[in-house]
Amino acid sequence: MEKVLVFGHKNPDTDAICSAIAYAELKKELGMNAEPVRLGEISGETQFALDSFKVEGPRFVETVANEVDNVILVDHNERQQSANDIESVRVLEVIDHHRIANFETSDPIYYRCEPVGCTATILNKMYKENGVTIRKEVAGLMLSAIISDSLLFKSPTCTEQDVAAARELAEIAGVDADSYGLEMLKAGADLSGKTMEQLISLDAKEFQMGNAKVEIAQVNAVDTNDVLVHQAELEKVITTVVEEKGLDLFLFVVTDILTNDSVGLAIGKATNVVEKAYNVTLQNNTATLKGVVSRKKQIVPVLTETFQA
């Protein structure tokens, strides 16, 4: 039987990795030869989840057409966030919870996108719909994905469905969602030993906003100053990325997991859009973004609307 690769976006977060593993397992149970893979490095937060439930991380690939003809996308749909040669393979399915942009296929596909906080929440439903029992280890990874995407249920993207799914999965996994979740987020917020290049690419996504090319990277921290003490070095590597990719804006968002506020560091010719979008004045290229924790709900749509205005 021909193999199908299942993967999340480049610079994968916990949902991208864990949902790839969980969905590949479901597809295997349903008779498909599916393998989860990843398009980038595994973060400290995700590694904590994998170690906690004793699951091996998926192997890394840069291209997919050299291995398979068919793929399944989880936690993304936009071409620029996917495998480098995504145009050379057939996308069989997409399971996602983001905006739909820069995506089209030549054949009809199974496309499931729901306005929930996490792909794993959708997968929890799909396991039930197919009558497949979720293994303890996989339930733990799916729980980890929901905790990560919802910032332990504090993000405005978090829905009642996400919370309910997390409670169900925690029971299967045999952990307390809140205490485990805090440990996992703290592991993800430990940025010691990371280079500046790693910091700005740990969780970075590229977007087309009107005519503008924008990259938004986000890291979680227990104290934003722990990251911003390196601002001069960060600006240097961000400027290099802006020049290499021809970006109009690079927004580096440092989110405090305790206060649920963020600080944005903006570089590029379109930094004025950040000021306009959030009614702030950038001082030394930074501004506090009160109550902003979600790239998907509080940054991407706000900036897109401002760019298109």
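Here the Cβ of each residue, glycine as well, is placed from N, Cα and C on the backbone.
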To which of HIS97, HIS230 does Swiss-Prot also attribute binding of Mn(2+) 2 at the site defined by ASP15, ASP75, ASP149?
HIS97
Would you mind checking how many other C-beta atoms are within 10 angstroms of the C-beta on ASP15 (Mn(2+) 2 binding site)?
31
Cβ neighbour count within 10 Å of HIS97 (Mn(2+) 2 binding site):
25
HIS9, ASP13, ASP75 filtered to the binding-site residues whose C-alpha is within 10 Å of HIS97 (Mn(2+) 2 binding site):
ASP75
Once ASP15, ASP75, HIS97, ASP149 are set aside, which residues in the chain still have Cβ within 8 Å of the Cβ centroid of the Mn(2+) 2 site?
GLY8, ASP13, ALA16, SER19, VAL74, ASP96, HIS98, GLY117, CYS118, THR119, ALA120, ALA145
Please report the distance from the Cα of ASP149 (Mn(2+) 2 binding site) to the Cα of ASP75 (Mn(2+) 1 binding site), rounded to the nearest angstrom.
11
